[in-house]
Structure formats: structure tokens, C-alpha cells
Amino acid sequence: MRQVKVRLTAVAAALTMTVAVAGCGGAKSDAGSSDAPAAGSKGTVKLAINPWVGYEANAAVLGHLLEKKLGYKVDKKNLKEEISWQGFETGEVDAIVENWGHDDLKKTYITDKKVAVDLGPTGNKGVIGWYVPQWMADQYPDITDGKNLNKYADLFKTSESGGKGQLLDGDPSFVTNDAALVTNLKLNYKVVYSGSEAALIKAAQQATAQKKPLLFYFYEPQWLFAKEKYARVKLPAYTAGCDADPKKVACDYPDYVLDKIVSKKFADTNSPAFQLIKNFQWTNDDQNLVSDYITNQGMTAEAAGEKWVNEHEATWKPWIPATS
Amino acid sequence: MSATVTDARVPVAAPGEDAPAPGPRRPLPGRRLLVPLLLLVTAGVYLAVRTSAPADGDGAAARFFGELRDWVDANRDTSPLFLYGFNYLRLGVSLLVDAIHGALYGLGWAGLVTAAGALAAVVAGWRTALLAVAGFLSFGVLGLWEESVDTLVLTLSAVLLAVLIGVPLGVLAARVPAVGAALRPVLDVMQIMPTFAYLAPMTLLFLIGSPAATIATLIYAIPPAIRITALGIGEVPAATVEAATALGSTRWQLLGKVRLPLARPTIVLAVNQAIMMALSMVVVTALIDAPGLGQTIVQALERVNVGAAFDAGLAIVVMAVVLDRITTRAAHRAAPTVHRSVRVRAVGPLVALAVVVAVTVLGRMSSWGAEFPAAWRASFAVPVNEATRWVEFHWYDATEALKNAVSAVLLDPIETVLTTTPWWLFLVAVLIFGALASGPRAAVVAGLAVAGVQALGLWQHAMQTLATVLVATVATMVFGVLFGVLGARHDRFARVLRPVLDAAQTMPSFVYLLPAVALFGASRFTAIVAAVIYAVPPVVRLVERGVRDVPATVVEAAVSAGSTPRQLLWKVQLPMARRGLLLAANQGIVMVLAMVVVGGLVGAGALGYDVVAGFAQREDFGRGLAAGFAIVLLGVLLDRLTQGAGRRADHDRLRQPAT
């Protein structure tokens, strides 16, 4: 009990102090977040980890370089995309290392609130689309045109699709217009969320191995495409601005230039960590290699990052800031 | 360890509300005919007016919440409400978390293990101390030391706050009837509200991170703290109070010297329950960036890695067992009748403190104290994953067939009927049948909940969720009654069952999703399976208790009258255990609802998906928040309709907390 009392007193003291420091201006939403050590001296870098393995690959390599080459501590936080952006405001997150578009969030957090900064492309090209296993494209050649999907809706019926065809999506937090697309393209389909990338991949592999029909949301960079073939279903072509209103989207997904976003505070330090993330650029093949290590070779993200770093010095050497 | 999470969900009737338990209801004349007749009429009306189940649009409620969010987002750093209100709350809580974090990490792993042992030795005895040391060591052995400590930090912060706020409120509720009456419905709703529904409003007010997680956990953990404290204070014998008053005690003296000391064991039990509730919530808060074991579990879910989740789930169970034992033993010792000599009371803590300090200093100075030794690692992940793969591979056809059959034969028809029923017809049916089953008051409350769901503009989704909940509840009751009866009739079976139930009740609900997903993929059936696993343990307990509570004399009389074991069960034990069964159904259905909603993470759709999406996609925020409220209303509806006679029976249960 004594210890508890001591702790309480300490907390009370700290509280009074902070309140005094914060003064009469009230507490801003980033009050109390510790951002001190990031400046110059080696501190902690807080990386958001979004839930797909490609993202993890970026973070694994960057994390390894930050820790082993630059001497930082890396704090990885498993967060969904939009929630990571909220972290810029509170100081919970320093960097998002693979961002997919999110123009609305860029407007809010970069333009309006000025708590985040765009650090440019990761070098990865992002593709989102609807896919079927290759055997289906072979057996039903016209299935790869979205206009013919209704003809095949019966093939894709499952216990979950309520008499319609099933369109299998991933994590509900992923970038997707699928629900709106199904409505606006008048497709006789229902979107079912598998809940994760892993579940999507499992379903895709099953569909290929057991020749089961499957229509699913998928994306590149993706290691699976190197192992098995899937055919993309064509939707009405993307034109600039056709996805402006998320409820009225009736066109395919754009090609994404994946980029890095960091918090304003982190950027202002201009630390080696910031420089490294700014310089980081690699190819889809690079990412897929690391993703494959993590997914199929039983490596932890840390081990995969280390292996890649050991084998690709020429790629990462230029990222390391000159000053360190 | 049966005083676990769900026991705390049992609503406690406030002291002084000892309404006479209603005896078996006397059937009204004509009632036998009335019910089938009403059923027929309802079915007829349904056939005449059913709708085509129009999809839910973005209702006014969803738009309102969306705008609310935009306003909060724009004014978080300018509005006085946030500048001087919520932001300070957030700051204060984050300081508390940081302080506890600093203290626990400051001890180092060796120091913390010793501290846990020492604390247990002082308040609960040396056996518990051994358990505590072994338990804390196991976190490191599982390779989850930091995650476990982070979880412990959040749990302790939330429980500390829950006790600081809850105990005074509990005392107030017991002493001032108006406060008690005002608190009761609030606590009712708080306990029905599924953990999931808390998160979106929390991030709106407190953003993401540990403070929001602590506050969400606090809200979840505080109702039992308030209720059990109120119970303890209310149970202080009137004679003792009178004696003290006669001796001239002031009101404050009465409280400080008589009521609180006498209620101490019960108050420690309140702490115990708050800890158990907090542990089950703290994992869910990983979704809003709380550190700890929850992160491991969420990540395992994203990778469909059953083994990794198993390790983390095990760590939570161990933590729950250790904290539970320490606090339950402490509750026994806190009884004012147990007198120990002054010397023992003073020396024990001093020795314990000295040992902790010594180990901490040693650990911090030596190299092995810096990190938990990697050589001691052990993990169940690999065998568990292998077993899962084997089952997936060999049972695929069977699991697929089962899923499809249940979906086609049960789930889809029920869902169709519910979604095509116009809301007003549903409302009328709830009012009529609710009044017959649970009385007019409960029916009115349930009816208001139905109207509320409709007003939120989420009728279709609510009905889809309800269909899943109904199917899962039926399955839960079937398994629960089966195992409960077996447990009541065979002591050996009960002995084997008990530790399994204990563990199952402390596993965080997320963990159950994993085996279900591995077996059944993304579907409503997955949510049903997870919900059944989650809700069966308390149902088994209540059924077993109900059957065992049938007076021995009655059983003997029936046996001597020539009843076969089967007759004994169906004609005597089960009918007499009716109240236990009703209570079990009431508990079961509320738990099933909580889990079905979590199933939104794995393709169960409907309200659960709305909440998940609202949480993760900006444009869905308003709808997600509305769905959270709809879930609460659905909970109120189900709770009121099933409370029936069951509600009263629980009063005796908490009087004699099981240990």
C-alpha cells in the first residue's frame, strides 16, 4: 500500500506541474505526448503498422535500418490506416510508410490542420481491382469484363451473399469503393468482408487449388501474384475525379503512387531518422521479396528486414543520410 | 476462481429492494389459448404487410453523428469544452498511465516478479505468492513480457480509477436512495453495452492511445465496483450501526469506523470484479492503439495465426488467475474477524518491501536483469498452428457443409422473416409478448428500444444481427444445458469442467474468433461459433447451479416415488431449476450479442460491420456510432424480454460469492 501512496503522490505532483505548465490556455490535443528525444539525439521512432504484409515489409526494412544503422529505438504500432492518421494529431505516430491515396485525409491533416507532411513516393506502384482465379478467365473468357458479371452471379453465390453473387473484400479499413460500385454499376452482387489480407489470400489460394469460383478485391504490390495467376476484371475506366463522391463512384480504381507521410513534429526535427524515411525508395519486387520472407518463409518481420538489408546494400546505402 | 468476468454482469438488485421473489406465475384463465392465438394473428398480419426489406440508407442519425465528428475535429483545440475539459481528462489519465508504466518498468523484470510475489505474500499468503511468481514468470517464458506488462499497466490504471470513483459512488448509492435509483438504469445499460460499442465515442472525445483505452476500460469496469460496494455497505447489520449510534458516533464516524471496515471484504471483492472486467476490455482497446497483449491478438487475427493468439490468450488467462487469486484471498483476509498480531502485520510488509528493493537493485545492476532471458522461452504457437492446419485440411468438407446447412436452414429463413417485418409490427409483437413473458414494464422498455433502433435508421442491419443472435443463443442454450446437467449429475465431470470454464471465461473474446475463422472462413456462422464458445461457460455454470440447488429432499422424494433418472431430470430437476435456466438465458443472450458484434471483424456483417467500418473509414463514422447505439438498444431489448423470473434469482447469488 505504501508504494501505491508514493506513486499517487508523484502522479498528483506531476499533474499539478503539467497543469501549471499548460497554463491558462487549456490543453491541446497533443498535450502530454513525449516528443522531446526525437530532436537530434537518438530517440524513439513511432511507426504505424497498417494491416497488410506489404506495408509491414516497408516497415521491417526501415525499422531495421533505423535501429541497427542509425541507432534509434523503433516503436511499431498496429493501427488501421485512418486511425494512424489520427495519431499524427496526438503524437502517437511519427510515420506512415505506405499510404494509399487518402486525399480527404491529406486535406484534413496536411492542408487544414498542418500536423502531417507528405514525404513523397515509396517507389511502389499501387493497383486495386477485382480479380478472379485464372482458371475462371480461361473457362469463361468474357468474365473479365465487368459488364458480364451479372451473367455469372450464380457462380459466386455463398452462404453469406443472400442469393446474389459474392464479392469478397478484405479488412473493412482498406481503401475500397466496392459497396458503392456494386450499387452504382447495378451488379447483382453483395460485398462480404473477409476481415484481413490473410483471409483474402487464403480464399484466393483455395479458389485456385480447388477450382472454386471466387470474385475478390485484391491489390498490388502483392507477393501472391508471383506464385499464382489471377485475372483482373475490367470496370469502367478511371477518369480524374470520377471517384470524388464516395457514394456515387461508378469507375475502376486509379493507379496509386504509394507515398510516405510523417508528422509535422517529426519532420521539423530534420533528424537522420526523418532523412532516412524521406530517402527511402524501392520497387514492388523489393517489397514482394520481403513480404514473401515474412509470409511464406516463417520469418518475423525483424528477421526478414535484416535478411533483405544484408543482401541489398546497394539499394539501401543511398538512403542513409550523409550526416550520420 | 469462479468469481470471474461474467459473474459481475449479473445485475445486483440494490439493497433495500428486497421485493418478494414472485412465486411460480399462476396461469391466467385462457392463457393457454391466448398465446397460440396471438401467435397466429401476428403471423397473419406479417403475411399481409411484410416488406421487401429495403436497404438502410444513411439515416438522419448517421448524418448527425458524422457532422458531430466534423465539428469535434475542427474545434478540438479551440472549443473550451475540449481545452478545459476532455483534453485535461486525457492529459490526467495519460500522466497516471505514464506513472504506473514508469513504476512497473522501473522495477525491471526480476523486480516486478518479486513485487508481485511479495504483494501476494503480504495480502494473500505464501501459496498465492508462489502462484503469482510462477504466473509472472510465464509472461516472460511465453516471450510476451513487455506486452503483458503494458496490459497490466493499463489494467491497473483503469482499476485504480474505477475504485477511486466507484467505491464512493457505491457508498452514496447505498446511503442515498435517490442516487441508487438514478444509478441503477445507467449501470444496467453500461453492463449490457458490448465492449465494441465503446470505442468510437472514446476516440471522438479522447483520440487514440492509452488514455482513451484506459477510460474505455474504466467505464466497462466501474459498474461492478459500484454495485458490489453498494451491496457491501447495505449489508452492514443494522444492529451494529444502532449500537454505534447509541454510543454517540457521528455520521462520518459511522461510515469510517463501522460501515467501511465491516464492508471491507465485499469492497475487495468489488476490486476483484473490476479487475476481471478490465482485463477483458483492455484487450479490445488494442483497436484504438492501446499497447499490450491486445496488439498481439489483433495482429494474429489479421494473419489468421491461431497459435500466436493462443499464447497471448494464455498470458491473459494467467494474469487473470493471478490477480483473481490475490484479490479473492485478500477479501477473505480482509474480514474483520481475522485477527493477526500487530507484529506480523508490521513485519510482513517490511520484509517483503526489503526483498523487492534488493531484487530490483540487483536486477538493475546486473546484465541479466535488463531483459527476460531468451533461453527460458517456450511457445505453444507451433503445435497449435499445426493442429489447426490439420483440422482445416481434413475437416474442410464437413465444416463447409455444416456452415452452409445452418445458414440455409436456420439463419436465412429467420433473417428473412425479421428483415421483412415492418418495424411497427415488430414493436407491437414485442409489446404483447414482452408483457406476457416479463411484465408490462419490461415490455414498455423493450418497445422503446425497438422504436429507438428504427429512429437510428438501422432497422435492416439490426434485424440481421438479431437473427444471428437468436440462432447463436439457441445453440448456446442447448450446449449450456447439456453440459450443465451433466456437471450437476456427475461430480467427476464437474471437476474436469470447472478449470476449463474458468479459463474460457477469462480468455478475451477476440481469441475465440480465431479458431472459428480458421474453420469456417468469413461468415455469420463464424460469429455464431465464436459467440457460442464465448457464452457457453457462464450458462453451464448457472444451469449446473440451478440443478444442484434443487432441494435434496425433493429429489429423494421423487426417487422414492419411483422416478427413473430421466423422469427425475425432465419432471423434477429441470422444472425446478427454471429460474436458473432463465437467468442463464438472460446472461447467455447478452454475451452472445457482444460476441456476434465482434464478428463484424470477420465477415458477420450487419451492425458489427457498421461499427468496425465506422471506426476505420471516415465517411462511415456517423453510421458506425449510430450502430453502436443500436447495439445497446438491441441489448436492452433482449435483456428486458428474457429477464422474466430470472432476474430476482441472482440476488442470492452474490450474497455468497463463489470462490
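Quick reminder: no glycine exception, Cβ is built from N, Cα and C everywhere.
Record features, source TrEMBL:
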- B:10-20: compositional bias 'Low complexity' (COMPBIAS)
- B:148-327: domain 'ABC transmembrane type-1' (DOMAIN)
- B:462-642: domain 'ABC transmembrane type-1' (DOMAIN)
- B:1-27: region 'Disordered' (REGION)
- B:129-145: transmembrane segment (TRANSMEM)
- B:152-176: transmembrane segment (TRANSMEM)
- B:196-222: transmembrane segment (TRANSMEM)
- B:267-288: transmembrane segment (TRANSMEM)
- B:304-323: transmembrane segment (TRANSMEM)
- B:344-363: transmembrane segment (TRANSMEM)
- B:423-453: transmembrane segment (TRANSMEM)
- B:465-490: transmembrane segment (TRANSMEM)
- B:510-536: transmembrane segment (TRANSMEM)
- B:581-609: transmembrane segment (TRANSMEM)
- B:621-638: transmembrane segment (TRANSMEM)
**Asked** Where else in the chain does the transmembrane segment (B:344-363) make close Cβ contacts, counting only residues six or more beyond its ends and a cut-off under 8 Å?
**Response** 106-111, 114-115, 118-119, 121-122, 369
**Asked** Counting only pairs at least 6 apart in sequence, do the transmembrane segment (B:152-176) and the transmembrane segment (B:196-222) share 3+ Cβ pairs under 8 Å?
**Response** yes
**Request:** Using a Cβ-Cβ cut-off of under 8 Å, list the residues of the same chain that are 6+ residues beyond the ends of the transmembrane segment (B:267-288) and lie near it.
**Result:** 3-5, 7-8, 151, 154-155, 158-159, 162-163, 166-167, 170, 195-196, 198-199, 202-203, 208-209, 212-213, 216-218, 220-229, 232, 260, 294-295, 297-298, 316, 319-320, 323-324, 327-328, 330-331, 334, 506, 508-510, 598, 615, 657
**Message:** Under 8 angstroms for C-beta pairs, at least 3 of them, ignoring pairs fewer than 6 apart in sequence. Is the transmembrane segment (B:196-222) in contact with the transmembrane segment (B:621-638) by that rule?
**Reply:** yes
**Prompt:** Mind checking which residues reach the transmembrane segment (B:423-453)? Cβ under 8 Å, same chain, six or more beyond either end.
**Reply:** 31, 34-35, 38, 42, 45-46, 49, 459, 462-463, 629-630, 633-634, 636-637, 640-644
**Complete:** The recorded stretch from B:129-145, B:304-323, B:465-490, B:581-609, B:621-638 sharing the largest number of CB pairs under 8 A with the transmembrane segment (B:510-536) is B:581-609
**Asked** Where else in the chain does the transmembrane segment (B:129-145) make close Cβ contacts, counting only residues six or more beyond its ends and a cut-off under 8 Å?
**Response** 109, 112-114, 116-121, 293, 296, 311-312, 314-315, 318-319, 321-322, 325-326, 372-373, 376-379
